[in-house]
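> Heads up, here are the entries from TrEMBL:
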- 29, 85, 86, 87, 127, 141, 142, 220, 221: substrate binding site (BINDING)
- 33: phosphoserine (MOD_RES)
- 98, 123, 124, 253: Fe cation 1 binding site (BINDING)
- 194, 220: Fe cation 2 binding site (BINDING)
């Protein structure tokens, strides 16, 4: 059966970088056509079927002790050499290169914010879950709150949630679902994936990064919020204050993707210095 899909609503809300840049940006996050579309749609269909309140709570329990592996940050970066993100319609090369692309984009634009450079390198390290046997639909892709009705700018919203049992549960199927108005995103149960896992891992290992860094890591894949403009009924004032940081990060996460891969060997000493400053040593994953 052929599934008819409309345009990705987030295209309308992307940060304005000028007419010519917008023209180039139309090729990113294309969920309508392209050689990778079948793979992307299949990943989101599984995600939107199986990411439920119970599933997410179980994953927090499963991984919350951080007993999977002991390794350094740079060892985790190297692990991403063997990962291609099946939810990404833009690229088909290993995720480790994207980490350095993002970090270098931020470093060029914000030379005085070394913590922000490191966030660029760190942001996808939670995807190591996919190398430990977790299915990609429980690791990658855009995140969304579970426990309430999905909103319009969730990717493939109209064609992938039909078999999710939570949407037949009156506790979880209204606009607010199990939440109170403006309860704050820190009190919302997000779909399980690399964002939430890495955020919790950073807290567990006591990274000495500023609050903005933790926030960007936790919500950088929450496109329906930071780019689609949805879920504002759940936001606190703190969320709105942090939103510009997530949107600024998104420019580099999304628009630095290109097949011109960086010379990683030359970049490693600089980023190792940042790791030694903010999150040194062997960590619990």
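Cβ from N, Cα, C; glycine included.
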> Measure from the CA atom of residue 194 (Fe cation 2 binding site) to the CA atom of residue 221 (substrate binding site) and give the result in Å, rounded to a whole number.
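If we compare the Cα positions of residue 221 (substrate binding site) and residue 194 (Fe cation 2 binding site), the gap is 9 Å.
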> Just name the most isolated of the binding-site residues 124, 142, 253, going by other Cβ atoms within 10 Å of its Cβ.
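Each of the binding-site residues 124, 142, 253 was scored; lowest Cβ tally within 10 Å is 253.
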> In whole Å, how far does the CA atom of residue 142 (substrate binding site) lie from that of residue 194 (Fe cation 2 binding site)?
10
